[in-house]
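Q: Okay, here's the structure, questions in a sec.
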Amino acid sequence: MTLSLKLIGYPIEHSMSPWIHNEFLKRSNLEGTYELFEISPEESFEDNVTTLKKSVLTGFNVTVPYKQKIMQFLDEVDDTANLMGAVNTVSIRDGKWIGYNTDGIGYLRSLYAAYPFLKGVTNKRVLILGAGGAARGIFHALVNEGYNNIKIANRTLSRAESIIGTNKQALAISLEEAAEELHQFDLVIQTSAVGMNEPRSIIILDRINEDTVVSDIVYQPLETHFLQLAKQRTPYIHHGHTMLLYQAQAAFEIWTGTNVNVSGMDMQIEQILKGR
């Protein structure tokens, strides 16, 4: 069987996903293609979905700005994606479109690959910076993993509170409080767009401990200003391009049932991004 896979979103011309998934196909000895299907805001999203429904597809990824919009066109949505309110992976089985979200599991896999000593140690104190879709996915993945000491800091507090919901073991705080309390956290995860293609950090990092693990899910630039500041305080740095790799791995598993070996791919992605 030849797999037919796509990525829908806008803009996506510089996406790493085709390279990643075509590498997965090679490593798994599977035949198939992974192609971009760009839908600009000026186009009818519904018409494009109709076109996709008429084509022979194995599945597709969904990225911004369509991770919520796609949900109304799906036949089923798995519990995790429903909880997150967003879908980034669609599998097509017997004509049914089934939605998933691999953001959270992708983040955890990438974190544990970088720092195996964190796996199973769920009493760590965690700070999530930002309250968008990625923060929601990562928060629920951490909660499902058993983490019970999580704070979410955001400029608009109500957005952080909406992610936490009724979870009694999590707390929404301001960015100012987060900067003051930084020394209390074992893991700090930057999920906002601040620092994407600009030398800015969402908060001052002067109070980070030397054994704190610091993540930034932004991968353009490869090393954000946030991570550059963190490196002055701690050696435990976790780059965003690795989350991209592992959320893709989880999507590929959904489509193919194959647990693809990603060994060395993080370094290859790093080299490609450095060349841009």
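Including glycine, each Cβ sits where the backbone N, Cα and C put it.
Values in this document were obtained by computation on a predicted structure and should not be read as measured data.
As annotated in Swiss-Prot:
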- S15, M16, S17, T63, N88, D103, Y219: shikimate binding site (BINDING)
- K67: active site, proton acceptor (ACT_SITE)
- D79, G130, A131, G132, G133, A134, N154, R155, T156, L157, S158, R159, I217, G240: NADP(+) binding site (BINDING)
Q: Have a look at the binding-site residues (D79, D103) and report the one with the fewest Cβ neighbours inside 10 Å.
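A: Least crowded of the binding-site residues D79, D103, by Cβ count within 10 Å, is D79.
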Q: Return the residues near S15 (shikimate binding site) by Cβ distance under 8 Å, restricted to its own chain and a separation of at least 6 in sequence.
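A: Within the chain, S15 (shikimate binding site) has Cβ neighbours under 8 Å at L7, G9, L36, T63.
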Q: Taking every protein chain in this structure into account, which of the binding-site residues S17, A131 has the most other Cβ atoms within 10 Å of its Cβ?
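A: Per the Cβ count within 10 Å, the most buried is A131.
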Q: Determine the C-alpha span of the NADP(+) site listed in the record, that is the greatest distance between any two of D79, G130, A131, G132, G133, A134, N154, R155, T156, L157, S158, R159, I217, G240, in Å to the nearest whole number.
A: 29
Q: Between the Cα atoms of M16 (shikimate binding site) and K67 (active site, proton acceptor), what distance do you get, rounded to the nearest Å?
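A: Cα to Cα, M16 (shikimate binding site) and K67 (active site, proton acceptor) are separated by 18 Å.
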Q: Based on the record's binding annotation for shikimate (S15, M16, S17, T63, N88, D103, Y219), what whole-number value in Å is the widest Cα to Cα distance?
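A: Between the most distant Cα atoms of the shikimate site, 18 Å.
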Q: Reported as an integer number of Å, what is the Cα distance between G133 (NADP(+) binding site) and Y219 (shikimate binding site)?
A: 16
Q: Please give me the CB contact count at 10 A for N154 (NADP(+) binding site), counting all chains in the structure.
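A: Counting Cβ neighbours of N154 (NADP(+) binding site) within 10 Å gives 25.
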Q: List the other residues in this chain whose Cβ sits within 8 Å of the Cβ centroid of the shikimate site residues S15, M16, S17, T63, N88, D103, Y219, in sequence order.
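A: Residues close to the shikimate site, other than S15, M16, S17, T63, N88, D103, Y219: L7, N61, L244, Q247, A248.
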Q: Distance check, please: Cα of N154 (NADP(+) binding site) against Cα of S17 (shikimate binding site), rounded to an integer number of angstrom.
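A: Pair distance, Cα basis, whole Å: 29 Å.
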